[in-house]
Structures are given as structure tokens and as C-alpha cells.
Amino acid sequence: MCGPRNAEAVSWRSWLIEVCGFALAALTLVLTLIFASLPEMGFPCFYATVADYDTLNDTSGGVWTRQPLVAPALFLETPTVTSFFGFTATVLLAHALYAVAGAVVLRREAGRLAFQPSVVLYAASTVAAPGTLMLGALCAWTLQAVVLLMAHKQAGLAAAAYITHFVFLALFGACHACKGTGDVRAALAASPPLRRVAVHARAVVTNVVLGAVGLGAAVVGLMLGVLLANSFHISLWKTAEAALAVFTLLALALMVFVEVVVSGYVQVLPTPAFCVLVASAAFGVSAHRYFAKFSEALGETHGVVIGTRAVLAVLSLIALAMIVVRLVRACIAHRARGSRFYANVDKARTTARRYLQKRLHGRGNDEYLLAPGSGDDEFDDGDEVVYENLGFE
């Protein structure tokens with residue numbers, strides 16, 4: 001039978017293997033997106049051109065061949081699809097590099113500070129829990145499958161694969177933001193490099209990962225519309241309504257989750273709501289062009305057009321309000337703690353006020369802007385705690 005130390009060594013090596021596997025999957029996804037964008041690489045079609053609004057969808061046996069007028073389902077513009085998929089792949093690769101950096105730093109610091117094996121495992125889970133790494137690899141592989149299916153114009157299968165990908169992506173974001181351990185505070189205090197990775201870098205990665213979920217909410221809603229359009233004999237405007245409803249519900253759920261749950265771990269979280277705002281704008285642009293081109297095929301859809309615009313406008317206003325609310329609450333939380341983050345914010349505000357006074361009243365020298373002010377005098381100079389609680393097992 002293996003002892004506790006052998007079991008901990010096996011767990012540590014298994015975690016390293018997961019990190020390497022996730023990094024390989026993320027790198028493969030990025031390379032697939034690059035190669036799929038090059039005509040000479042042998043892909044039959046460009047994957048991002050899902051809905052061709054310039055030609056009719058007259059596929060033999062397709063659902064729209066049984067209609068007097070034919071039209072493709074609502075989807076994002078080609079540059080938008082490319083940007084959203086590229087952003088998601090970049091986020092997954094960034095998370096993989098973050099995990100690799102965490103493994104390197106943790107291995108070095110564990111030898112230098114003689115951490116106990118259990119502390120090393122706790123710290124590894126704080127950087128990236130094993131379940132998080134597995135979900136990240138599944139996100140990369142499923143999105144790669146989506147790209148290959150879209151390149152071969154298998155719209156229904158691609159839509160089903162993307163829905164699966166979004167489920168993994170949402171779980172990946174939730175696990176990364178919340179899952180960890182609170183038993184490594186002594187190790188983080190003793191090792192500033194480990195603290196920079198497991199706390200500060202983790203907060204940045206949390207922002208972009210949840211931002212990718214916000215963009216994916218729009219894509220998964222439209223993919224559901226494509227799946228419905230290719231599977232059932234239903235009206236075009238119903239698929240557009242279904243896509244809008246799914247996107248709205250998922251976007252609202254994400255913003256509520258960020259504000260209620262994730263804000264307990266990291267306060268500065270503007271990226272998820274900002275990405276929802278970007279996704280709403282992209283959805284609105286695609287819907288406007290779609291309704292304008294296929295108004296005749298859609299029939300009496302004036303109410304649908306107005307309703308779509310109204311819902312997207314309200315969702316955009318909510319996302320904008322959530323950005324402001326999150327930043328204000330973050331400043332209040334850091335001010336109450338007396339952290340360096342709020343000291344820097346206060347210093348920037350003081351500098352801007354002095355600059356405006358100088359320009360408006362025409363007095364003072366530029367050196368006055370560099371004079372020490374109250375912005376950083378009354379706050380603690382110690383490291384701020386970005387993650388107030390490091391999560392739960």
C-alpha cells in the first residue's frame with residue numbers, strides 16, 4: 001500500500017499532467033482556428049460564414065425548400081463570429097499559460113520554502129483545481145469540433161456541439177472563479193511570487209473567462225435558433241425569438257451570478273458585463289440586417305422587430321449599469337479595506353482634478369501634477385487581498 005506521501009506525489013504529478021493536457025488542447029484550438037482561416041489549408045469552407053445573406057438556402061430537402069420563400073436563420077456576421085471564437089480561444093490559451101506559470105512558480109517555491117506536500121496540493125488547487133483543468137480541456141476540444149463542423153457546413157451538428165461547448169464553458173468559468181481552498185494563506189504570505197499568480201493573476205483570468213461566457217451567451221442562443229431551423233418546420237421569426245430569449249436569460253443569469261457569488265472573491269469585475277454589452281451590440285447589428293433583408297420572407301414581423309430592438313436596448317442598459325455598479329462597489333470595498341487599489345484610484349482622481357483645475361484656471365506648473373497628494377498617504381501599503389476568500393472545495 002502506498003503511504004500518504006506517495007499518494008500526494010501521485011496527485012501532484014496528475015495535476016501537472018492535467019495542466020500540460022489543457023495547454024496542449026488550448027494550443028491545438030488556436031492552431032485550428034488559424035489554419036481554418038487559410039484557404040490553402042484544405043478546409044472546404046470558411047467556418048465563420050454560417051449565414052449567407054446574399055444567396056438563398058436551397059439545400060435539397062432543407063426545411064426552407066418547403067416554403068414559398070427561403071431564407072437562412074439569424075446568425076452573427078462573419079467578422080463577429082471570427083472575433084468571438086478567437087477571443088474564446090485566446091482566453092483558454094491564456095488560462096493554460098496561467099496554469100503553467102502557476103505550476104512552475106509552485107514547484108520552485110515549494111523547494112525553496114520546504115512546503116509540506118499537502119500545502120503544495122492545496123496551492124495547486126488554488127491556482128487551478130483539477131476539475132477546472134478538465135473542463136477547460138473539454139471547452140477547447142468541443143470548440144475545435146464546432147470549427148471543423150462549421151467548415152464542412154454541418155450546421156445542425158455544429159449547433160449541437162456549440163451548445164455542449166457552452167455548457168462546459170459556463171462550468172469552467174464558475175469553477176475557476178469559485179473553486180479553491182482557504183488553507184494556503186500562510187504559503188501565499190511566505191511566497192510573493194506564488195501570491196501574484198494565485199491571487200492577482202487569477203483575478204485577471206477570472207475577468208476574461210467570465211467575459212468569454214458573456215460572448216458565448218449570444219452565440220449559443222443563435223446556435224439554438226440554427227438547430228431549431230434545421231430540425232423543425234417552424235417560422236423564421238420564432239427561431240429569432242428563441243435565440244433572443246436564450247441570450248437574454250443567460251446574460252442576466254451571468255450578471256446576477258457575478259454580482260451575487262463571484263464578487264465575494266474578486267471585486268473588480270467589469271469584463272463580464274462589458275462582454276454582454278458587446279454581445280448585445282453584435283446581436284443587434286446582425287438582427288437589424290437580417291430583418292431588413294428578409295422582411296418579406298418573415299411576413300408580418302413588425303412587432304418582432306420592435307420587440308427585438310427593445311429587449312436588446314434594455315439588456316444593454318442593464319449591462320452598462322452593472323459595469324458602473326460593480327466598479328463603484330469595488331471602490332467602496334477597497335476603500336473600506338484601505339487597499340493600494342483604492343489608493344491608486346484616489347491618486348488618479350486627484351491628479352485628474354488638478355489637471356482640470358490647471359487647464360481651466362490657467363495656473364500652476366506641470367510639476368504640480370507630480371506633487372505628493374492625499375491619494376496615497378492614508379492607505380495601507382501592504383498587498384491588497386484581491387480574493388477575499390479563496391473558494392471552497
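Every residue gets a Cβ built from N, Cα and C, even glycine.
Features as listed in Swiss-Prot:
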- 1-14: topological domain 'Intravirion' (TOPO_DOM)
- 36-83: topological domain 'Virion surface' (TOPO_DOM)
- 105-130: topological domain 'Intravirion' (TOPO_DOM)
- 176-207: topological domain 'Intravirion' (TOPO_DOM)
- 229-241: topological domain 'Virion surface' (TOPO_DOM)
- 286-303: topological domain 'Virion surface' (TOPO_DOM)
- 325-393: topological domain 'Intravirion' (TOPO_DOM)
- 15-35: transmembrane segment (TRANSMEM)
- 84-104: transmembrane segment (TRANSMEM)
- 131-151: transmembrane segment (TRANSMEM)
- 155-175: transmembrane segment (TRANSMEM)
- 208-228: transmembrane segment (TRANSMEM)
- 242-262: transmembrane segment (TRANSMEM)
- 265-285: transmembrane segment (TRANSMEM)
- 304-324: transmembrane segment (TRANSMEM)
Within the topological domain 'Virion surface' (229-241), residues counted as helix, strand or coil by DSSP: 9 helix, 0 strand, 4 coil
When counting Cβ pairs under 8 Å to the transmembrane segment (15-35), the leader among 84-104, 131-151, 155-175, 242-262, 265-285: 84-104
Number of helical, extended and coil residues in the topological domain 'Intravirion' (105-130), per DSSP: 21 helix, 0 strand, 5 coil
Intrachain neighbours beyond the transmembrane segment (242-262), with Cβ under 8 angstroms and 6 or more residues off its ends: 74, 174, 177-178, 206, 210, 213-214, 217-218, 220-222, 224-225, 228, 269, 272-273, 276, 279-280, 283, 287, 308, 311-312, 315, 318-319, 322, 325-326
Stretch-averaged pLDDT - the topological domain 'Virion surface' (36-83): 71
